Amino acid sequence: MHASTTLFQLFLFIRLALAGLPGLPGKIYGVNLGSWLVLESWMLPQEWLDMGGEQCSDCSSCIATEFAFAKAYPHTVDEIFAKHWSSWFNQADVDALVDAGINTVRIPLGYWIVEQLVDRKAEFYPRGGLAQLRRGLKQLQKAGIVAILDHHALPGVQTPNQMFTGRCTSDVQFYAVNEPIMDATQTPGYGDFQENFVRVVRATEFLLGVPAPGFPFVLPAPADGNFTAMLGNVKPSALFTPEVISVLLDAAPILLEMGVFGLFMDINWQFNNPANPADAAIGPQGYDNHLYYVSLISRFGGVADPNPTAYLTSICRNSPLWFGGKPSPRRVQIHNAAHPHAEWGLPVQFTATDQFLRQWADAQKLAYSKGAGWIFWNFKVEKSALAGNLSREWSYLEGVRLGYLTKDPSQVHDPNVCAPFAITTLTPAQISAFRPYSFYAAAAYCSPDSTSAWNCGTNCEGANPAFQPIASGGDGDAVQFWYVGVDESLGTIIVAHQGTDTREILSLVTDANFFLASLQFLPNLFPGLSASIEVHSGFLHEHFKTATQILDAVLAGLDQFDVHKVTLVGHSLGGALALLDSVFLPLHLPKVAFQTIVYGMPRVGNQAFADYASIGNTVTHINNKEDFVPILPGRSLGFRHPTGEIHIQDSGDWDSCPGQDNTNGLCTTGDVSLLNGRERDHDGPYDGVLMDC
């Protein structure tokens, strides 16, 4: 590879490129112009064969790349590629992108587009690409579409015998060994490379007078146009290190991203002990962490298991996946980047339905739109018998035509597509915050004599010594135990209901005599509610037995103590009674704040009840591992849980499951059945607390 191109020649290239570019849009809706100036034959297999290329399983054994093609056809390669460049991307494609609402394109380039960089004795590539780039930039500029130049293919290759960057070779010279695992130990020295690369870019801009936003070291261009002469007068510094000066004198590097900002893989790909993108923060740049759900390299898997739930869980839980900007020392500033954007597509590693591809498109759009926008993997893919159904998942324009992608790129089909999948794992501190209430729920299994004296041992004075009892009741037979008191250290009145053992709760929820009863049947307890709000008649009967006594005790506590909050707790049947309290008590105490924390609770009412109980997001129902009580009564009978589930995994993780009856495999409804349920999980432990006196 020659290294004799002058800075002046590079400046001409930059000016030609920049002349066709307005500023970046406020929100990027973009596509790659893949296989245009860097050809990847898998995107256009029939055209590649028609051009004279070949297909083979080992790219080193046939004409599978631009390099091999130019070597095989030295006298006709330029003419053949000129026809490809003119037909693969032209004015018709620009018009189609405008019609689809696209405002940005990313153009992958090979280093050989600057022909002075190519050693024609040892390197073989088609010539004339720069003229095609100028033509395309003018067409894009006229259409109001911004172009980002992607320095995509450098000398060598990113993975041995990979054919996607112009040449099939075992000579690895740039980083991609990390896809898709993002293991920083696999890229030693990458952080140093970033620092040096940014120094070269900033130094080149400095010499050429190209402004870099937020970077002050810019000189005006010399009147005589002799840029290289300036370099001899530059003294070594933090920016112009001896190595940078040597590189600038030896070669003119192609500026990544138009010479305005650099874009790198993020901290997960770096290995600088510790990795830190802030070290390379010399002017504006971006950081990229796109995920490979599908890899065309057989030894790579994907970042999610090959099924719809795993894919949606991954994208909804891990967004946004690209970030950038100027990190503060030792810390990456996520969301505050100057140019964070995402690159994505619809490919999957399983047979996807049309419905899933719409969901997959929506979920990725929502995730990546949290930043500056997104760029879809490719604008089009060949439609031919040889290409098969490839365009269905890889082509943006085909995705719009098939209805997977909305015609307006800023819109989605379903803005709530991630609701069932945006599951978060609680921190140890968040889990510990539930312990006082877990003990209060367990103490409800103790007799009224014990709770009224608050002397039941570990679950009472041992766990919550500040508690002051107000009233207790029930006989543990015809009427469940209950108690009311105040914990001023938590600033709340506690209302606790006894549960029952698994056999009794199963008998109750499966009793053929139960029915869904409207809360309007008890207008004195539930005044003003819609007749559509219905609950399990057995639970309503149990609640009726103690409702007024509990209301009186809560009123007494509010009068006696300076607290303005009531917390309702219970386990199993006690959880169902506490949930009914969460509807009943606020109707009579409208100025009091309420929260409900229950454990192993069965479904209590219908959809209207679940919706009403979900108002304000004040309910938390915690389910332990494979406990099957929470999946009863069945949804087929019209029962629904309110929002607020936390599911304790076998691993011990506590996962917050958004929505009602979330069917994700990390949540109870999606994970537990009567076939795999475990009775022993019903009583806990809940962070070490067993539901028993």
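Glycine is treated like the rest: Cβ placed from N, Cα and C.
Residues belonging to the domain 'Glycoside hydrolase family 5' (84-162) score a mean pLDDT of 92 in the model. The annotation domain 'Glycoside hydrolase family 5' is assigned in TrEMBL to 84-162.
TrEMBL lists 495-635 with the feature domain 'Fungal lipase-type'.
Annotated signal peptide per TrEMBL: 1-19, in sequence order.
Per DSSP, the domain 'Glycoside hydrolase family 5' (84-162) is made up of 35 helix, 17 strand, 27 coil. Applying DSSP to the domain 'Fungal lipase-type' (495-635) sorts its residues as follows: 64 helix, 30 strand, 47 coil.
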